[in-house]
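Below is one structure, written out as structure tokens; comments come after it.
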């Protein structure tokens, strides 16, 4: 199994290193590496530092920053860009675009779990211009064409 070297930018993170919660966990929790609590007003989007830098270094892998379901469902706190994609050659600190889509201000405390990091395989593709496609059962149907009528 490929391991990814995560570099720590902030010494406070020693006590809060990301870890898989269970053997079946896909994501690692990312924390708000801030000096003080941050109030995010309804409709506001802020960039929150995580204190972690990542360099995957292998183009067969990428990382995705995903929301934590409880924050979105209970408090309206989601990712401002919905999903953060981290390319294998990126070497900077991970920042979380955090959007309060709720109706109440939300206080984000230092080291609070904010998002999840998932490492995923990547397949780069080559394009081939063709005259037509081989027929498939679905064809060009989209936008619910295989569900309710």
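Just so you know, glycine gets a Cβ as well, placed from its N, Cα and C.
The annotation substrate binding site is assigned in Swiss-Prot to 68, 69, 70, 81, 85, 86, 87, 95.
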- Message: Excluding near sequence neighbours, so keeping only residues 6 or more apart in the same chain, what lies with its CB under 8 A of residue 68 (substrate binding site)?
- Response: 29, 113, 114, 115, 116
- If you draw a 10 Å sphere around the Cβ of residue 85 (substrate binding site), how many other Cβ atoms fall inside it, taking every protein chain shown into account? 12
- Query: What span in Å does the substrate site cover, taken as the longest CA to CA distance among 68, 69, 70, 81, 85, 86, 87, 95?
  - Reply: 27
- Query: Which has the fewest other Cβ atoms within 10 Å: 86, 95, the binding-site residues listed?
  - Reply: 95
